[in-house]
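Student: Feature list, courtesy of Swiss-Prot:
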BINDING   GLU52, PRO53, ASN54, HIS58, ILE59, GLY60, HIS61, ALA62, LYS63, SER64, THR257, ARG292, LEU293  ATP binding site
BINDING   ASP84, TYR238  L-glutamine binding site
MOTIF     51-61  motif ''HIGH' region'
MOTIF     299-303  motif ''KMSKS' region'
Amino acid sequence: MSHDNKPTDSTPAASNFLRSIIDQDLAASTYAGRQDKAGEPLPTVITRFPPEPNGYLHIGHAKSICLNFGLARDYGGRCHLRFDDTNPVKEDTEYVDSIIDAVHWLGFSWDSEGKDGTRQPHLYYASDYFDQLYAFAETLIERGAAYIDSQTAEQIAASRGNFSEPGKPSPYRERSVEENLQLFRDMRAGKYADGEHVLRAKIDMTAPNIVMRDPVLYRIRHAHHHRTGDKWCIYPMYDFTHCISDALENITHSLCTLEFENNRPLYDWVLEHLRDSGVFRDPLPHQYEFARLNLTYAITSKRKLKQLVDEQRVDGWDDPRMPTLVGVRRRGYTPESIQLFCDRVGVAKADSWIDMSTLEGAVRDDLDGRAARGVAVLDPLKLIIDNYPEGQSEECSAPVHPKKPELGKRVFPLSRELWIEREDFNETPPKGYFRLFPGNKVRLKYGYVIECTGVDKDADGNVIAVHASYLPETKSGTPGADSVKVKGVIHWVSAAHAYEAEVRLYDRLFNDPNPDAGGKNFLDALNPDSKQVITAYLEPGLREAQPEDRFQFERHGYFVADRTDSQPGKPVFNRIVGLKDSWGK
């Protein structure tokens, strides 16, 4: 099992109670000495990531991916990727492909190395087990542990009771084994319509845990399956499939989010019945629950995310404002930054909210060490250096990365007319303003010291150009660079040489940290300024940026060449994150 990308940060991982559980199992040799069907020794730690292919993965799934693959890596085990594809109505190969791509992008592999050095893939589908699942369901029927219920879904729900009232047994609960087997086989043969019968476990209708009140194990669904086609018209439920798939794959530690805590007794019930029938042997897999990732200023409900897409409130599932992994990838987040974030938040037993600034902080910390630098003017104002020769230009240089001199320098031209940021000039500056204003001197970063000498205005009195003179002996990197002391430094690009680029300034999709809490309409919390498209002027070398190349635009933040809309020689840039958290103010 390989792990290609690892976080660059050396911060220790946050508390992870699951490591203590695994350590105890290793000390007790709980899963030692096992062999697969071929007689090969099995790892003592085998985990799995089991998504349902009914949508795009989001940042919450990244926590589970990093947890399952990370634990397997750290303990010398392996992690399986398994698609829980038991609901043909909602699933599609489009989602299968996107999930495979997302897990690979995060830096993980489900392959292991065989004894002959070959790669052994551990990519599985629950649908591959349909024949076995059906046979195991018949085993439960034969043991008197499952029965066919002919009530409607509404009747079953009503008879299940609630936390204060026990459930009521189905009138079909005492059908004979023979009748149940025949009905189940007729269900498989397609003799009944959807909803006409279900297979239920026969457990305890008075159990305090409502999950254990004769849960449904199989239902009829005449629908085309993305892998098995029309072979099946009955499909197993998640609770039946999940535990059996784990056992078939020799999973040791089955890690789920907290909403499945009440399902753990059913997980154990199914496996123990099949063990007692001789299907499985001890040690059985064990389910453990951890807190899901709840991120402020975001929603992760597939239904609500789909609503945003369907109503065109965002530009698709990979919109850089979306919390989907295809979205954050297009936004410019790196796999390493997401891993770093997951390491920092750790694994807990109780649900909590993680502030978006924690994720953005991990992104900044990762990009600070890897992103090349560049200059961009986002809100341009013309600066004319009147005493600089017309038609002439000269080279200025700056480090590609200030902390990595081995990367060398980048070179860009300075000429008579430049673009500067509009906010770097103020005709009537407030106290403490050290940038450009009439009579003041500032340094053009990597260039000369200049003095503002005047302005041009339009008919409405708006400043449309600033005039200045430069001090020829003050160029950065020359002996005279420090001969004139100034307090202000501004960035710039040559007007004649700059790359005129489309830049998309992305921000948080919601203004409210909890957009759908407490009965709110999450659409009311949409941030109208979450996307601004501007024309900016960039240093000319940025024209050669390739899709997914990341940069720090000095003084502005981190940006990425869009992986979808960039063209050769014409990259489009997305803002990944600012240089500091502006939402914490």
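Quick reminder: no glycine exception, Cβ is built from N, Cα and C everywhere.
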Student: Going by DSSP, give the three-state secondary structure for ASN54 (ATP binding site).
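Tutor: In three-state terms, ASN54 (ATP binding site) counts as coil.
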Student: Using the residues the record lists for ATP (GLU52, PRO53, ASN54, HIS58, ILE59, GLY60, HIS61, ALA62, LYS63, SER64, THR257, ARG292, LEU293), what whole-number Å value is the largest Cα to Cα distance?
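Tutor: The widest Cα-Cα gap among those binding residues is 20 Å.
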Student: Compute the average pLDDT of the predicted model within the motif ''KMSKS' region' (299-303).
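Tutor: A mean pLDDT of 94 is what the predicted model shows over the motif ''KMSKS' region' (299-303).
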Student: Under 8 Å between C-beta atoms and at least six residues away from its ends: which parts of the chain pack against the motif ''HIGH' region' (51-61)?
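Tutor: Beyond its ends, the motif ''HIGH' region' (51-61) has Cβ neighbours at 83-85, 87, 90-93, 95-96, 98-99, 102, 226, 292-295, 298, 300, 302, 305-306, 317, 322-326, 328, 338, 359.
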Student: Do me a favour and check the Cα-Cα span between THR257 (ATP binding site) and TYR238 (L-glutamine binding site); whole Å is fine.
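Tutor: Rounded to a whole number, the Cα-Cα distance is 14 Å.
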Student: Of all the binding-site residues given, namely ASN54, ILE59, LYS63, LEU293, which is spatially nearest to ASP84 (L-glutamine binding site) at the Cα level?
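Tutor: Considering only the listed binding-site residues, the nearest one is ASN54.
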Student: Far apart in sequence but close in space: which same-chain residues, 6 or more away, have a Cβ under 8 Å from ILE59 (ATP binding site)?
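Tutor: Counting only residues 6 or more apart in sequence, the Cβ neighbours of ILE59 (ATP binding site) under 8 Å are LEU293, LEU295, ALA298, THR300, PRO323, THR324, LEU325, VAL328, ILE338, LEU359.
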Student: Let me know the DSSP-derived helix, strand or coil state of LYS63 (ATP binding site), please.
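Tutor: Note: LYS63 (ATP binding site) is helical by DSSP.
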Student: DSSP on the motif ''KMSKS' region' (299-303): how many residues come out helix, how many strand, how many coil?
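Tutor: In the motif ''KMSKS' region' (299-303), the DSSP-based counts are 2 helix, 0 strand, 3 coil.
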Student: Check the binding-site residues GLU52, ASP84 for other C-beta atoms within 10 angstroms of each C-beta and report the one with the most.
Tutor: ASP84
Student: In whole Å, how far is TYR238 (L-glutamine binding site) from HIS61 (ATP binding site) when you measure between their Cα atoms?
Tutor: 18
Student: Count the other Cβ atoms sitting within 10 Å of the Cβ of HIS61 (ATP binding site), across every protein chain shown.
Tutor: 23
Student: Helix, strand or coil: which one is TYR238 (L-glutamine binding site) in, per DSSP?
Tutor: helix
Student: Going by DSSP, is THR257 (ATP binding site) sitting in a helix, a strand, or coil?
Tutor: strand
